[in-house]
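Some features that TrEMBL has for this protein:
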type: TRANSMEM; residues: 12-30; note: transmembrane segment
type: TRANSMEM; residues: 73-92; note: transmembrane segment
type: TRANSMEM; residues: 113-139; note: transmembrane segment
type: TRANSMEM; residues: 187-208; note: transmembrane segment
type: TRANSMEM; residues: 220-245; note: transmembrane segment
type: TRANSMEM; residues: 260-282; note: transmembrane segment
Amino acid sequence: MNVEWQKLFKNKMTYLSLIALQVIALLAIWKGAAYFSEEYDLAARLYHDYPDALALFSSHQYWVGLSDTFFSSFYYFVFPLLVSLPVVDSFYKEKATGYLNFELLRVSRRAYFAKKFLFVFVSSFFIFTIPLVLSMLFANAMSGNWNFESYSTAYSKLINGTAALPDTNIFFSQEKLLFSELLQSSVYLYILVYYFIGGLFAGVYACFGLAVSLFLNNRYLILFIPMSIYLGMWTIFTLLGLLAWDPFNFLDPRQPVSKLSYASMIVMFGLLLAVTITTYFIGVKRQRDVFA
């Protein structure tokens, strides 16, 4: 496993992917900061007699995944491609260069493929989450606000129906169907849970690409497999009207569609993981001639 990490850190594509994701995240924060400044100034004039209402306008709402900015949504659109680029073709390259044969002199076939799968999953998880966490810290540094207890308190009152609010329905759009209890406790806990879940799906998408690479001899096609399955699912679920089952929607911390459920997350992750492991297992068996 140490060798895999060394190769990852020496791979230029690793830094290209991280930089691309970080730039997208920072652009989302930059645009969000401008929007928040305008919105808060307006809210301060309109709702100065309603502390709970004013508390519901918080700078954390422009962290990546929570804002309506283009770049925030774009991060969640493009991540399957960028998190996979450094690792999804690793088996293909090792086989093409002959390095695979050297590896199999050191470890068993089972150990090699098990470690390869685990490494791709873990590395993709961190490539997805690191830019998000860094951008969150950057956003807090820009706003100078690190404590969001006032928002959580006001949100809890909103959910319980005890918040003192003006006669408008705009605040009730902030109610979350999933993980609402986390948001009442801490906005950090809420967003980190979403980033964690997103990282799990990033790992599965990358591993699916790795599994399919055992059947392909075209490196460029391999690189786009994770993005293809992501867009394919988006197309299918959109056509079927099952938006709540599309990862593009339920991975979004804004919860942009109705009828979201924990079941959709669990079932889709389990299904993707099962298909990925099955495909990987079949692909490993097809590679037996390599080890003869």
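Heads up, the Cβ atoms here are built off N, Cα and C, so glycines get one too.
Within the chain, the transmembrane segment (12-30) has long-range Cβ neighbours (under 8 A, six or more residues past its boundaries) at 62-64, 67, 69-72, 74-75, 78-79, 82-83, 85-86, 127-128, 130-132, 134-135, 138-139, 142. Only sequence-distant pairs (6 or more apart) were considered; of these, at least three Cβ pairs between the transmembrane segment (260-282) and the transmembrane segment (187-208) are under 8 A, so the stretches are in contact. Same-chain neighbours of the transmembrane segment (73-92): 4, 7-8, 11, 13-14, 16-17, 20-21, 24-25, 28, 64-65, 100, 116, 119-120, 123-124, 127-128, 132, 198, 202, 205-206, 209-210, 213-214, 216-217, 219, 222-227, 229-230, 248, 251-252, counting only residues six or more beyond its ends whose CB sits under 8 Å from a CB of the stretch.
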